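What TrEMBL annotates here:
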| type | residues | note |
| --- | --- | --- |
| ACT_SITE | Asp8 | active site, nucleophile |
| ACT_SITE | Asp10 | active site, proton donor |
| BINDING | Asp8, Asp10, Asp136 | Mg(2+) binding site |
| BINDING | Cys97, His99, Cys107, Cys109 | Zn(2+) binding site |
| SITE | Ser58 | site 'Stabilizes the phosphoryl group' |
| SITE | Arg110 | site 'Contributes to substrate recognition' |
| SITE | Lys111 | site 'Stabilizes the phosphoryl group' |
Amino acid sequence: MRRAVFLDRDGVLNSNIWNPATGAYESPLRPEQFELLPKVISALHLLQDDGYLLFLVSNQPNYAKGKATMRTLDAIHRRLETAMLEACISFAAYYYCLHHPLVTGDCFCRKPSPYFLLKARDLFALDLRQSWMIGDRQTDIECGLAAGARTIGIGALFPPAAEADHIAADLWQAAQIIVRDLNS
């Protein structure tokens with residue numbers, strides 16, 4: 001059985017964007033807004049070099065809400081993939097939920113549902129008890145806990161979940177917690 005780290009995207013790997021119209025930080029809506037956060041590449045290398053498979057698990061409701069086209073979402077994803085390829089970071093899979101309950105109704109894949117973690121477990125022979133979910137929202141933590149994974153809340157914009165196993169300032173600190181836990 002293999003170990004994995006499941007990562008939320010916005011607020012963990014890349015910056016959220018301030019939207020003055022809504023008065024909130026949101027996912028990038030254009031490819032040129034996509035920008036990796038500091039030390040993300042170093043953190044992913046640390047995890048990858050320690051033998052963890054990397055997975056992206058992200059709710060991306062902007063398509064359902066009519067804020068972004070599939071073409072735009074694909075272009076943003078290509079920016080992420082390109083950055084990972086250039087840095088020799090290999091994600092085993094990218095999982096996106098494109099639904100929003102107020103628009104499309106309930107679905108089986110939107111976090112906090114553990115659907116994508118369980119799917120990855122089955123496809124990649126993962127031990128979820130030895131795996132981690134890292135996110136900046138309560139739904140990320142609930143998803144990881146529901147799957148039986150350990151959790152780390154990242155918290156600058158959004159208060160990290162109280163139930164998280166650990167709290168970290170950023171992905172770099174989260175990666176150090178995971179590696180330290182493995183080697184202790």
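Placed from the backbone N, Cα and C atoms, the Cβ positions cover glycine too.
Neighbours of the Zn(2+) site: apart from Cys97, His99, Cys107, Cys109, residues of the same chain with C-beta atoms within 8 angstroms of the site's C-beta centroid are Asn59, Leu98, Thr104, Phe108, Arg110, Ser113, Tyr115. A strand conformation is recorded for Asp10 (active site, proton donor) in the three-state DSSP classification. Cα spacing between Cys97 (Zn(2+) binding site) and Arg110 (site 'Contributes to substrate recognition'): 5 Å, rounded to the nearest whole number. Within 10 Å of His99 (Zn(2+) binding site), judged by CA to CA distance, lies none of the recorded positions Asp8, Asp10, Ser58, Asp136. The residue listed as 'active site, proton donor' is 14 Å away from Lys111 (site 'Stabilizes the phosphoryl group') when you measure Cα to Cα. For Arg110 (site 'Contributes to substrate recognition'), applying a Cβ distance below 8 Å and a minimum sequence separation of six or more within one chain yields Asn59, Pro61, Cys97, His99, His100, Pro101. Of all the recorded positions given, namely Ser58, Cys107, Cys109, Asp136, those whose Cα is no farther than the 10 Å limit from the Cα of Asp10 (active site, proton donor) are Ser58, Asp136. When other Cβ atoms within 10 Å of the Cβ of Asp136 (Mg(2+) binding site) are tallied across all protein chains shown, the result is 26. Listed in sequence order, the residues of the same chain lying 6 or more apart from Cys107 (Zn(2+) binding site) and placing their CB within less than 8 Å of its CB are Cys97, His99, Pro101, Ser113. The shortest Cα-Cα distance between Asp136 (Mg(2+) binding site) and any of the recorded positions Asp8, Ser58, Cys109 is the one to Asp8.
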